[in-house]
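These come from TrEMBL:
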- G249, S250, A251, G252, T253, G254, K255, T256: ATP binding site (BINDING)
Amino acid sequence: MTHRIADTFYDALAKLTPQEQKQVKTSAFDFQMDPSLPGLGMHRVDRARDPDFWTARVNRDIRMVIHKKAGQSLLAWVGHHDAAYRWAETRRIESHPRTGAIQIVEARETIEEVIVQRYVEKAVELPRPLSHLDDDTLLSWGIPTDWIDTVRDVTDETVLDIAGHLPTEAANAVLSAAVGETPIPATISENGADPWEHPDTKRRFRVLDNLEELQAALDAPWEKWAVFLHPAQQEYVDRNFNGPARVIGSAGTGKTVVALHRAARLAENTNGRVLLTTFNRKLADSLAQKLPQVASAGTLGRITVEALPVLISRLHQERFGDVEIVDETSLRHFLEEAASAQGIAVDPDFLFDEWTLVVDAWDVATKGAYRELPRLGRKVRMAASRRDALWEVFRAVSDRLNHAGLKTEAQLAHDLSKAGDFPFDNVLIDEAQDVSVAELKLLGASLGGRPNGLFFAGDIGQRIFRAPFPWSAAGIELRGRSRSLKVNYRTSHQIRSQSDRLLPETLIEADGNEESRTGITSIFDGPAPTFREFRTIQDEISGLRSWIQDRLAYDNVPATELAVLVRHASDVPGVESALDLPKVQVLPMHDAKGAEYRAVAIAMLNDGVLPDESRLLAAKDEAQLDEVMNTERHLLYVAATRARDHLWMSGVAPTSEYFADLLVR
Ligand SMILES: Nc1ncnc2c1ncn2[C@@H]1O[C@H](COP(=O)(O)OP(=O)(O)OP(=O)(O)O)[C@@H](O)[C@H]1O
């Protein structure tokens with residue numbers, strides 16, 4: 001017998017409690033060992049549209065739905081008794097008449113009562129963006145025959161619901177077409193080809209040759225993206241570029257997923273040395289964890305996954321030997337000493353920023369260069385005479401560092417740029433909006449002109465660590481090689497649309513390019529986010545604790561899938577002990593970058609906490625104030641968009657001014 005497991009089985013399994021999941025795994029094992037085992041109580045589903053659906057008993061309440069036919073079995077779904085029967089009664093498994101792919105097709109009538117009824121009165125007046133499409137086109141997208149009319153009738157309001165009931169390739173095509181893109185037709189099998197060999201079939205059903213494979217399949221979550229990319233994602237995975245390219249898009253649109261697949265593709269199809277990187281170690285670790293889902297074991301060894309600062313320091317060490325990095329306190333001290341030795345009165349923070357963001361970042365080596373340099377990343381204007389005077393301070397500090405054998409992190413990157421032998425051919429950079437000037441300059445100098453040399457994934461709306469600067473000045477020209485993703489896979493429609501209110505509809509990059517953030521769709525619905533304002537911190541903690549307990553108890557959210565985020569790391573221990581829920585993680589918002597959870601609670605959103613008052617007070621002028629306001633706003637956007645299904649935000653009155661933006665448009 002050939003045993004298979006469907007992606008729908010995983011989705012359903014994930015919704016059960018850990019205890020139930022354990023029992024399901026045992027029953028799946030029993031079934032694969034002996035499908036006729038009496039304890040499984042195999043039972044044909046009576047009223048099913050497809051006569052080959054059976055149920056197997058896991059415990060008093062839970063049933064697995066199994067499709068069983070002529071030497072083949074498929075674990076299709078699992079859940080509570082009534083839901084399992086309903087699932088099986090309303091589906092059939094068949095090969096698509098045009099593409100040949102095997103699909104699990106939902107009976108169209110089941111959604112009529114839910115969707116058509118809900119929208120029918122309105123639908124008559126609303127535009128139907130797909131109404132002009134003929135059967136042939138819709139079939140070529142893999143739309144099941146009896147869904148064709150329903151798809152032609154979608155409106156902006158129903159498209160999400162309808163797509164959620166279609167096989168993935170059909171849903172992807174419908175969502176693309178609804179936002180004005182041209183879907184790529186599905187693969188068509190040759191006449192007589194085995195439908196189980198169709199690429200779309202293989203994406204949703206896995207063959208399980210033995211019990212070890214079943215064990216591995218049940219233990220490792222099967223990320224859908226590992227198998228089914230959106231055509232817009234696929235394009236940026238496959239395309240060859242004759243210079244640096246970039247995928248952008250708001251949070252959760254699958255930019256990281258594209259970078260992972262592209263890294264695997266380049267390693268598989270070329271002899272290039274591939275680097276998959278990002279701006280810090282934690283995010284690099286998470287890339288390394290995900291990569292095995294898309295790259296074969298043989299290819300994995302050919303992809304280096306390392307954070308840029310770690311890589312740069314390693315390469316520098318290998319080439320130039322040990323160096324000592326100057327710490328911030330010493331550097332500030334050197335700058336201040338040099339300024340007073342020159343008799344220059346200057347604000348110490350300004351001096352430090354000028355060194356860090358201009359002189360050191362851009363590797364300015366001469367007075368002339370400093371005078372001529374555009375004020376990259378700095379909005380403060382400065383007279384030439386003032387620059388000349390300051391230059392003497394920077395030169396003195398530079399000499400002092402040289403004599404002491406000390407370097408800055410930026411200098412390590414500059415040294416490597418000059419040495420000119422960066423040991424990679426293809427570099428993919430995730431969370432690129434937070435990469436430093438020196439790192440980007442090194443990448444630009446090494447691979448900026450090489451086909452497929454540099455590929456960036458990022459979102460300027462999530463820039464929280466670095467001041468903006470024009471990439472072209474770092475040798476990165478993206479003209480015509482940047483595209484944005486529009487389908488959000490992570491966050492429910494309700495959470496995404498509310499979080500989007502934090503950012504303007506158009507963001508402008510330091511190069512002057514505009515990025516529109518409109519036209520994004522989420523692929524699923526969920527409960528509205530909860531916003532609460534409290535009188536005291538005690539009230540807030542107790543409200544938050546009951547919200548968390550409800551999520552754990554009623555929504556089956558495992559504690560590992562829930563995170564409480566706060567603005568300041570120093571508040572973490574206090575919130576942890578006040579909440580007294582040992583399994584629930586509390587972390588600073590910055591640490592949640594790149595992560596995702598089923599439920600997120602953002603607490604202590606008080607006035608003075610976000611935006612962080614100490615940063616606001618340290619700002620020296622309007623420009624710096626703007627920058628602080630922007631990065632703090634981005635930080636809240638990052639935190640809110642970590643949530644898949646449930647989001648809570650709370651503070652003690654008066655709450656953060658961003659609260660008002662979230663609530664009112
Ligand atoms: N084609 C797809 N099918 C199903 N799920 C997908 C697809 N693409 C991405 N996802 C899922 O969407 C979520 C977000 O993906 P990813 O982390 O790549 O987004 P991102 O754009 O990098 O987000 P962020 O900017 O917030 O870091 C992940 O859970 C990922 O598994």
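Cβ from N, Cα, C; glycine included.
Annotations in TrEMBL come from automatic prediction, not curation.
Around T256 (ATP binding site), the same-chain residues at least 6 positions away in sequence with a Cβ under 8 Å from its Cβ are L287, K290, D430, A457, G594. Around S250 (ATP binding site), the C-beta neighbours below 8 angstroms that are at least 6 residues distant in the chain are D459, G461, N488, R496, D500, R517, I520, T641. Secondary structure from DSSP puts T253 (ATP binding site) in coil. Apart from G249, S250, A251, G252, T253, G254, K255, T256, the ATP site neighbourhood in this chain, defined by C-beta within 8 angstroms of the site C-beta centre, holds D459, L485, N488, Y489, R490.
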